[in-house]
Amino acid sequence: MAPSKKRTSVPDDDFVFTLSDDENDVLENGADEGDEQADEETASGSKKRKRETAEAPKGKNKKQKQLKQSKKGKGAAVAGSDGEEEEEGDEEEAADAGEDDGALDSEFEFDVGGHATAGVIEGFDGWETQNGDASANKNGDKKAVDIDDIISRRKEQKDAELKRKLKKEEKRKRMEESEDEAEAEDVESDGDMSVDFQDDELLAADGFGMGADGEDESGESDAGDGAGSDEENDSDDNGDDEGDADDDDAASDNDSVATPVGHPDDEVASDDESGAESEVDAEEAEKRKAFFAPEEKTTEEPTSKRSFQDFNLSRPILRGLASVNFTTPTPIQQKTIPVALLGKDIVGSAVTGSGKTAAFVVPILERLLFRPRKVPTSRVAILMPTRELAVQCYNVATKLATHTDVTFCQLVGGFSLREQENILKKRPDVIIATPGRFIDHMRNSPSFTVDTLEILVLDEADRMLEDGFADELNEILTTIPKSRQTMLFSATMTDSVDKLIRVGLNRPVRLMVDSKKNTSMNLTQEFVRLRPGREGKRLGYLLYLCSEIFTGRVIVFFRQKKEAHRVRIVFGLLGLKAAELHGSMSQEQRIKSVESFREGKVAFLLATDLASRGLDIKGVETVINYEAPQSHEIYLHRVGRTARAGRSGRACTIAADPDRKVVKAAVRAGKAQGAKIASRVVEPAVADQWAAKVEALEEEIEEVLKEEKLEKHMAQAEMQVTKGENLMKHGAEIMSRPKRTWFETERDKRASRKLGATELNGPSKKDKVKLSNKDKKRLDDSRQRHEGNQGWKKGKTEREAPKQAKTKGGKNQSDKKNKNKMKGKK
């Protein structure tokens, strides 16, 4: 009977860690218990095996349970010694390979759908908190001042005061009524006739003064209806010029915004700039030809690769991509992944929301799967300009690396330094950081070394190359090894070779997808024009748009933190749920604001340009620019927060006369691209009503700001008290710690911050100084010389002649005075 038992068993040599087509048949035929034990162990280590066994019929599950119970009872006595050795070897191989299932069958094809997508995250947006809340709570940030609490507290106080006033009014009315009744009784007793006013109810409906309320209400409704929007394209607007006066006004508004009218100054400047740009372009073209490596021309069409399987990626990477529902690579991913796997330097550019993060994370993970594992080493550094972007990239990367053994660490300001140092001691494979915190650990953390870095990624590289980050980036680039792979990505990548040379690129490959600074084709761009003299009513226009037109999932961008905070208070007083996001907030507050907006707790996110780059929040329907940004590049990043990953979106810009250049550039680029551009007309009367509401709340806004400032001072005082107590208790330990160093002085840091603010918002108005008359004259003279109107100029003789005349005249006058004095004495 022994030979028959051998025939029914599955040969050990043929067993591989893949999905077997006859797996269930083996279980039904009563396979060898040692082999089934190996099957059970691999099923527990693989999620796909779990899903397949879960979908098997109930009878088979019962049989498997019986087999497990029999194995527990009998142990290894039933299985042969050879089978035990084979099982131990298989377990060791599975442990060494991590979560990889071993060798693949040559004809095996990874199934992206079906069982593999059972754990798919629908609508993955990169902001699912894994350990962000815990780390935020542990970082020791002081308790933030909540504007909503202040507003609700003041509202309760006002309601209480109003109730007290109403009670007093009721008492006073009762007293007056009692007095009136007493007087009426006295009058009746005197025999006077009473006047009955109830006959007024029998007046005709068309009598004088009747229906006045209805006319007012109809007028208000008509005004409300008139505050609609004209969302027709430019081609439709040109055909509506003939009509009533209202139509003419609307058409003029549309043409003035959607169709840019050439300004004389702009035309002169454009002519001068065109000649200069032609010379610069020729020089830059020669530099680029020598600097960039030639892009490899492929015979395949861009849409030929329909799946990530065509890149020959490892199975754990494919499983991670399927878990976040990434099935078809985007154009930038199709171009980047093959080149990045070869280890070449890359300068990549694509429109917002095109998957640039996955374009560099996927090849990094693929290369790290083949790294030496004996000694833990940090090999990759990914630098981001903002904390929110670093947290988002960390979440995306960890999701994609779920089925691998690659470790990550995020070095972001606002979190605990001690916890980050403890993680750095374990030498994580990938470090995702902001430049400031990266330099802090690089100089002050003894367990952190950058000598082993092999890959450097700069996301939003054009922002990182600006003056605000120049010093920090130079400090990092001069410290890390020069023999590295460097990848730069941005939606508005700079073409300046001089800036790219600073990064230390080695014959980079330039991968440009939609390199003409285009927007998404699913984005509709709207413009609301403010006539000259109505710039002060800008907030009224914003409140009308947010309360009547765009009521949910809206990001509003501001240039200044102060303005964003003030509008946040106005929204709270008017009952609009909003959160703010800017640099004056703590990291805990910033993450809380993004989470509240992502989860739908608030409908509006009031942000500065801190949130304009890279922030990917699912379901953002509208982006409103409270005022146009400083440049067209910043405008592209702002409006790129919506209409991402194939979804539709809308961008609305409130533009005044100073914003004419940016609007003109946006309209020109949109027309060249064929994007949807429309004009929205808001009735001035409606905007004035909302502006009047804001003016009525000015005192309340100031009171809220004062109370908030008082609470901040109280929190700072409490923090100072706690700091003093800690110094008294642990003074020796605190003073023994080495002082943290930085590569810049305080003056240099202030100068770099000032340069960064100038890049975003232009030169500050405070820097403008009134010219003296001497400076004005000097400028006028230089202008005249430049125009060729140099007139006659005095020579040496002409300049000396007035001086001689003055001296002679002075002597004559003194002689006359002396003669007059002598005459007076005589």
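Each Cβ is built from the backbone N, Cα and C atoms, and glycine gets one as well.
The region 'Disordered' feature in Swiss-Prot is assigned to 1-308 (among others).
The annotation compositional bias 'Acidic residues' is assigned in Swiss-Prot to 11-42 (among others).
As annotated by Swiss-Prot, compositional bias 'Basic residues' applies to 59-74.
As annotated by Swiss-Prot, compositional bias 'Acidic residues' applies to 82-110 (among others).
Sequence annotations record features per position, and here Swiss-Prot assigns compositional bias 'Polar residues' to 128-138.
Taken from Swiss-Prot, the feature compositional bias 'Basic and acidic residues' applies to 139-176 (among others). For the compositional bias 'Basic and acidic residues' (139-176), residue counts in helix, strand and coil come to 30 helix, 0 strand, 8 coil, using DSSP.
What Swiss-Prot records for 177-203 (among others) is compositional bias 'Acidic residues'.
The compositional bias 'Acidic residues' annotation in Swiss-Prot covers 213-252 (among others).
Marked as compositional bias 'Acidic residues' by Swiss-Prot: 267-284 (among others).
The compositional bias 'Basic and acidic residues' feature in Swiss-Prot is assigned to 285-308 (among others).
For the domain 'Helicase ATP-binding' (337-511), the predicted model reports an average pLDDT of 90. Residues annotated as domain 'Helicase ATP-binding' in Swiss-Prot, with sequence analysis given as evidence: 337-511.
In the shown protein chains, 20 other C-beta atoms lie within 10 A of the C-beta of Gly355 (ATP binding site). Per Swiss-Prot, the feature ATP binding site maps to Ala350, Val351, Thr352, Gly353, Ser354, Gly355, Lys356, Thr357.
Residues annotated as domain 'Helicase C-terminal' in Swiss-Prot, with sequence analysis given as evidence: 538-690.
As annotated by Swiss-Prot, region 'Disordered' applies to 731-826 (among others).
The compositional bias 'Basic and acidic residues' feature in Swiss-Prot is assigned to 764-788 (among others).
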Residue, out of the binding-site residues Thr352, Ser354, Thr357, whose Cβ gathers the largest set of other Cβ atoms within 10 Å: Thr352
Neighbour count (Cβ, 10 Å) for Ala350 (ATP binding site): 25
CB contacts for Lys356 (ATP binding site) [other CB atoms within 10 A, all chains]: 24
Residues flanking the ATP site, with Cβ no more than 8 Å from the Cβ centroid of Ala350, Val351, Thr352, Gly353, Ser354, Gly355, Lys356, Thr357 and excluding those residues themselves: Thr330, Ile332, Ala359, Ala491, Arg644
DSSP state at Gly355 (ATP binding site), helix/strand/coil: coil
Neighbour count (Cβ, 10 Å) for Gly353 (ATP binding site): 23
Secondary-structure category, per DSSP, in which Ala350 (ATP binding site) falls: coil
